[in-house]
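Q: Please find one structure pasted underneath; my questions will follow.
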Amino acid sequence: MIGLRSTWTGRIVLGISAALIVAFLVLPIVVIIVTSFGKDAFGAFPPAGWTLNWYEAVFAKGSEWPAALSLSALVASMTTVFSLILAITAATALTRSELPLRSAVYALVLGPLLIPQVVIALGLFLLFEPAAMLGSPIAIALGHTVLASPIAVMILIATFRGIDERLEDAAASMGASRFTIARRITFPLAAPGMVAAAVFSFITSFDEFFIAQFLSSGTTVTLPVQLFNSLAFDIDPTVTAISAVLIAFAVLALVLVALMRWLGSGRQSGLLSVETTTGLAKTEGDAA
């Protein structure tokens, strides 16, 4: 009886603790979303009334938000492509080859995550300024790749390590080349991880501020820089609306990642089952 009571007490305490933690993390997001529909131009919470005016103002003619949003989307797309190319190459080398000094290479790849972003931003500014590349989307994308590619590498390394190597060994035993194994087995099974790496690379670039601030110009301003300018130099109520849009985008991206990982786990289980069945059939045939 005492054990049952203590078990239920522990579950209640854990449940309350989890609820408080979730509420603490989610509450700022809820405040932003609710405030974005409020009539008060100063963003009062709770709102005195409800309106969609701030959302209409975001995409109204003459608004600076669409240009900033388009530039951020372009830069994030370029960053995603660059990061995936680097991450696939690095993750393959670190997990599928006998690379010397593997630990040192891995630490070097993750190095940008340990350095303050403002330091990286200053270094990139000094690198691109003599080349007259400041304000160009390619410069901002290359800068964001420095931050996004280590995250993509970590995701893909975990993905490649999670792929059952028996599938690759079975294909190799049947005469498949390394390229065929990668194209027909490794990369298809790693697709959910690649999607996750792409999503997180895109979000990392889309939300990044310091590098964009150093590398932007008066005519090329990304969305985070525009958000900062709107809050630093004026009280713009449309900030809450665009913030709510970004929150919705992030939630959809996380749902996409979860869905792809779920589909990927089912696909690997199916391939492993087929490979096991084929192996058993071959063994029985040899025995006969």
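Cβ atoms here come from the backbone N, Cα and C positions, even for glycine.
What TrEMBL says about a protein is an automatic prediction, not a curated fact.
Pasting the relevant annotations from TrEMBL:
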type     : residues : note
DOMAIN   : 69-260   : domain 'ABC transmembrane type-1'
TRANSMEM : 12-37    : transmembrane segment
TRANSMEM : 71-94    : transmembrane segment
TRANSMEM : 106-128  : transmembrane segment
TRANSMEM : 134-160  : transmembrane segment
TRANSMEM : 181-203  : transmembrane segment
TRANSMEM : 240-263  : transmembrane segment
Q: Of the stretches 12-37, 71-94, 134-160, 240-263, which racks up the most C-beta pairs under 8 Å with the transmembrane segment (181-203)?
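A: Looking only at 12-37, 71-94, 134-160, 240-263, the most contacts with the transmembrane segment (181-203) come from 134-160.
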Q: Please work out which recorded stretch in 12-37, 71-94, 240-263 has the most C-beta pairs separated by under 8 angstroms from the transmembrane segment (134-160)?
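A: Out of the listed stretches, 71-94 contacts the transmembrane segment (134-160) most.
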